[in-house]
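Here's the structure we're looking at; comments come further down.
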Amino acid sequence: MMTKVLGMAPVLGPRPPQEQVGPLMVKVEEKEEKGKYLPSLEMFRQRFRQFGYHDTPGPREALSQLRVLCCEWLRPEIHTKEQILELLVLEQFLTILPQELQAWVQEHCPESAEEAVTLLEDLERELDEPGHQVSTPPNEQKPVWEKISSSGTAKESPSSMQPQPLETCHKYESWGPLYIQESGEEQEFAQDPRKVRDCRLSTQHEESADEQKGSEAEGLKGDIISVIIANKPEASLERQCVNLENEKGTKPPLQEAGSKKGRESVPTKPTPGERRYICAECGKAFSNSSNLTKHRRTHTGEKPYVCTKCGKAFSHSSNLTLHYRTHLVDRPYDCKCGKAFGQSSDLLKHQRMHTEEAPYQCKDCGKAFSGKGSLIRHYRIHTGEKPYQCNECGKSFSQHAGLSSHQRLHTGEKPYKCKECGKAFNHSSNFNKHHRIHTGEKPYWCHHCGKTFCSKSNLSKHQRVHTGEGEAP
């Protein structure tokens, strides 16, 4: 969600205990080897969290230094209040997770607390599927972190679920989070990136001796994936293991319950860029479960991210963030008609109304549209496609917005409430029309005479006087 540094997504959660982190793990890019070292968001977070009072001559200096460190981490000059809040909530959420899950979630680099929850729910569903069930006393529900331990790693201590120290730096480069020692070494590496390169070079001679220990030192990621994959039914196992045949390292065979024979060893560390998560609807594959979850919303029409200001809903948190800026910041992109926008792309779409530019044309009737989405929705008129069906009465709709509005007839829900007078509405368009009564906004502009209107219907009535179809109101 925020910033990617050194080619890796920042890990916002707490760092595992120092003795479990292992040697310094830093991914070095070519430009860094030339002398350009870019500090990570995680490093700034740790500097802020681990700052000590004894490092300053007095309380005022300590407070001043804390403010500087906090700004370096949260970057309030570029991040919104909501982004900063989400960062803090995600950090605390990862802090309260059991150790068995904490580092596993960090491995997937969630962009928000909601995405971290989705990862855990996906993992829990994996473990609840047939073939993953572990015998438990009646009426006792085990949490997901206990299911992980009992479904394949019960013989291992909780500490074994944490990433194990490796003898070389490069083994974590493809998927490990960026951890920087908070000591004098940090300053040395920050001032001279060549030391990072020396660290990597000095360990290359030890690789041959470490290869036999690699399966035991793969750490948390290998343990979790082996538990999930090894316990799946055979049909699902074949699907999950696509493109894993070329993996070098394998985990020792796992013993099945009640069986003396161990299962065949399966690859545990996925190949970089491998797409193991497959959509059941269209077959599209993804490299992590969070991207699959986002993709599924294109089929379900789900929009879980709702703007608290106007009630508009979005399928992705990033789209909500962009939208929310329209409520918080100035709108620097002005149109000659006086309407302003927070993004240049919105201004371009709006200007097509003045120029009558409509680059997207329907092949059946020739009608043109300014946006591709409008053309897709229009085309369903010709095909008769109505993919959105109401579960209550079976009525179908060509657009998800139509289904959402219809479902409120069953529930009686009116989520759009006016803060000025308290009146509630079941549809955002009705709410927006009403809200213009209070603001006096008239966003619909006649390009013939320049007169403005508060609703599109009033503009259409007015334009008839120019086309000769009727008189203006």
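Including glycine, each Cβ sits where the backbone N, Cα and C put it.
So that you can see what the record holds, here are the features copied from Swiss-Prot:
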type	residues	note
COMPBIAS	148-165	compositional bias 'Polar residues'
COMPBIAS	258-272	compositional bias 'Basic and acidic residues'
CROSSLNK	Lys27	SUMO2 cross-link
CROSSLNK	Lys221	SUMO2 cross-link
CROSSLNK	Lys232	SUMO2 cross-link
CROSSLNK	Lys349	SUMO2 cross-link
DOMAIN	45-127	domain 'SCAN box'
REGION	127-167	region 'Disordered'
REGION	244-272	region 'Disordered'
ZN_FING	277-299	zinc finger
ZN_FING	305-327	zinc finger
ZN_FING	333-354	zinc finger
ZN_FING	360-382	zinc finger
ZN_FING	388-410	zinc finger
ZN_FING	416-438	zinc finger
ZN_FING	444-466	zinc finger
Note to self: Using Cβ atoms and a strict cutoff of less than 8 Å, what residues sit near the zinc finger (277-299) while being 6 or more residues removed from its termini?
What the structure shows: 108, 110-111, 115, 118-119, 122, 239, 242, 315-316
Note to self: With Cβ-Cβ distances below 8 Å as the criterion, list the same-chain residues six or more beyond the ends of the zinc finger (360-382) that contact it, or say none.
What the structure shows: 349, 352-353, 398-399
Check: Any residues 6+ beyond the ends of the zinc finger (333-354) with a Cβ under 8 Å from its own?
Finding: 322, 325-326, 370-371, 443, 445, 447, 450, 452
Next item on the list: State the residues, same chain only, that lie 6 or more residues beyond the ends of the zinc finger (388-410) and have a CB under 8 A from a CB inside it; answer 'none' if no residue qualifies.
Entry: 301, 377, 380-381, 426-427
Next item on the list: Restricting to the zinc finger (277-299), report the mean pLDDT as a whole number.
Entry: 85
Checklist line | Residues in the zinc finger (444-466) grouped by DSSP into helix, strand and remaining coil | finding: 11 helix, 4 strand, 8 coil
Note to self: Using DSSP and collapsing to three states, where does Lys349 (SUMO2 cross-link) fall: helix, strand or coil?
What the structure shows: helix
